[in-house]
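Student: One structure, as structure tokens, below. Some questions next.
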Amino acid sequence: MHDKILILDFGSQVTQLIARRVREAHVYCEIHPNDVSDEFVREFAPKAVILSGSHASTYEDHQLRAPQAVWDLGVPVLGICYGMQTMAVQLGGKVEWSDHREFGYAEMRAHGHTRLLDGIEDFTTAEGHGMLKVWMSHGDKVAELPPGFALMASTPSCPIAGMADEARGYYAVQFHPEVTHTVKGRQIIERFVLQIAGAKPDWIMSNHIEEAVAKIREQVGDEEVILGLSGGVDSSVAAALIHRAIGDQLTCVFVDHGLLRLNEGKMVLDMFEGRLHAKVVHVDASEQFLGHLTGVTDPEAKRKIIGREFVEVFQAEAKKLSKAKWLAQGTIYPDVVESGGTKTKKATTIKSHHNVGGLPETLGLKLLEPLRDLFKDEVRELGVALGLPPEMVYRHPFPGPGLGVRILGEVKREYADLLRRADAIFIEELRGTTATTQDAAAGLCGEADVGKTWYDLTSQAFAVFLPVKSVGVMGDGRTYDYVTSLRAVQTTDFMTAHWAHLPYALLGRASNRIINEVRGINRVVYDISGKPPATIEWE
């Protein structure tokens, strides 16, 4: 029986990151809405409770509170951002609107020597104060500590940025330790979970395989399952896991919607039929998809259409399988959170995903999502544990809607053909270029990264087609052709990301090749936006 951490979700977009950090400490956790009953909290029997952030305000909204049972259990509690504020209010403190809202990077001073922060610091001031580089995102502030609490941290704009009641094991921070921008955030959460809560670090992927296989077999029984392959990591690992559980009861449906990467169809069929020996049905539905996308420019509408057409194709294939009762998808946690699909339904929707946003109730198939509670790095770990080849597991993610969300505005076959070739050239250059000692000296990578390809050093890289034309000169003639943007990011969880600082020489070669080899593109730009504020995909 695993020790469990209960994460109460108040609607933050990054609540799942808290779960990821807890699991990185090899401790099992679950996310549940903040308004669960006292009985549920008691029956869950957590080793500790973590209260998430929220886009709401404790000062204005008095409905979002933690159940009373949280305070009656006698277990450690960690409040994060809004979680700190509701802890303060519920335990007798005071929260008010801040005149100095904090959004982004901040330097925070630790006070005292609490068990949570003692010895954890990024640098020390000349006066000897330990400082932490943290990520803030709040408009309210704790103005008065609850009885029994002491000041744990502060910033110039937030006098109470952390508080602690060590006797009861209650800790709260105004910053977000779960995001990668907080340098020591992972260490802080690990200390809370392992040392303060005393949870056993026994959550590993091999255990998850056994549990997931058993769950799939129990759910499916002797019924048949169809799964749509996109060529990406998520659907590949989902297929391998389900195949491990039920073998030939699984039929993989590979849909060519006309929005695939260059030579993707052949690669997917060779990999799954040749390596996994799985049943794969190849469906060419490119005319159907592109026809329905004609004239559509709104990103949400495009995603909905692509999702709807996937469902129709699956329904048609399911009718050919007499026992097909299940539709399997490679949905993972980031898909769910970006669709406003956390269990509380309080998160603000950023964009819908075809995996979770276009499935009608009239589908006629039950939904099987074995990866729904996993993050991308966990999915990769699971793939390795399942014995999948590295070229499959560590391939960059590819969205289900394919190039449809990498072509801005209306999707046309002409645009898709241009983008396919530009994208392939960019990936070739990333795969063919290794990091050098000069790159490390310039701060583009770490010394341990020297010798690795830039494809392996980036988490996701691709080209984006911009349906605008610019003037150029090639030879002695004037050109008026399209623009493409290159995008490469580095991240551990895909909830936040930094743009990749690629060598100029690599970018120069990619640009030169695209302009010379892809007739119809005469300008290449590089996207240097992080997430947040941008998302990784452009649409």
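Heads up, the Cβ atoms here are built off N, Cα and C, so glycines get one too.
So Swiss-Prot lists these for the protein:
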type	residues	note
DOMAIN	4-202	domain 'Glutamine amidotransferase type-1'
ACT_SITE	Cys81	active site, nucleophile
ACT_SITE	His176	active site
ACT_SITE	Glu178	active site
DOMAIN	203-395	domain 'GMPS ATP-PPase'
BINDING	Ser230, Gly231, Gly232, Val233, Asp234, Ser235, Ser236	ATP binding site
Student: Ten-angstrom check, please: count other Cβ atoms within 10 Å of the Cβ of Glu178 (active site), all chains counted.
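Tutor: There are 31 of them.
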Student: Output, ordered by sequence, the same-chain residues six or more apart from His176 (active site) with a CB under 8 Å from its CB, or 'none'.
Tutor: Val14, Gly53, Ile80, Cys81, Val134, Trp135, Met136, Ser137, Thr182, Gly185
Student: Let me check the 10 A CB neighbour count of Gly232 (ATP binding site). How many other CB atoms are there?
Tutor: 21
Student: Under 8 Å between C-beta atoms and at least six apart in sequence, can you list the same-chain neighbours of Gly231 (ATP binding site), or say none if there are none?
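Tutor: The answer is Phe254, Leu260, Arg261, Glu264, Met267, Val268, Phe398.
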Student: Check the recorded positions Cys81, Val233 for other C-beta atoms within 10 angstroms of each C-beta and report the one with the most.
Tutor: Cys81
Student: Any idea what the model's mean pLDDT is for the domain 'GMPS ATP-PPase' (203-395)?
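Tutor: A mean pLDDT of 84 is what the predicted model shows over the domain 'GMPS ATP-PPase' (203-395).
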Student: Check each residue in the chain of Asp234 (ATP binding site) that is at least six apart in sequence and keep those whose C-beta is under 8 Å from its C-beta; list them in sequence order.
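Tutor: Expected: Gly330, Thr331, Ile332, Leu371, Lys376, Val379, Pro397.
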Student: Just the number: how many Å between the Cα atoms of Ser235 (ATP binding site) and Glu178 (active site)?
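Tutor: Rounded to the nearest whole number, the Cα-Cα distance is 27 Å.
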Student: Quick one: pull the CA-CA distance for Ser236 (ATP binding site) versus Glu178 (active site), whole Å only.
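Tutor: Per the Cα atoms, Ser236 (ATP binding site) and Glu178 (active site) stand 28 Å apart.
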Student: Other residues near the ATP site, CB within 8 A of the CB centroid of Ser230, Gly231, Gly232, Val233, Asp234, Ser235, Ser236?
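Tutor: Not counting the recorded site residues, we get Leu229, Val237, Ala238, Gly330, Arg395, Pro397, Phe398.
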Student: Please report the number of other Cβ atoms within 10 Å of the Cβ of Ser230 (ATP binding site).
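Tutor: The answer is 26 other Cβ atoms.
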Student: Between Val233 (ATP binding site) and Glu178 (active site), what C-alpha distance do you get in Å?
Tutor: 24
Student: Quick one: among the binding-site residues Ser235, Ser236, which has the most Cβ atoms sitting within 10 Å of its own Cβ?
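Tutor: Buried the deepest by this measure is Ser236.
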Student: Rounded to the nearest Å, what's the C-alpha distance separating Glu178 (active site) and Gly232 (ATP binding site)? Just drop the number here, would you?
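Tutor: Cα to Cα, Glu178 (active site) and Gly232 (ATP binding site) are separated by 26 Å.
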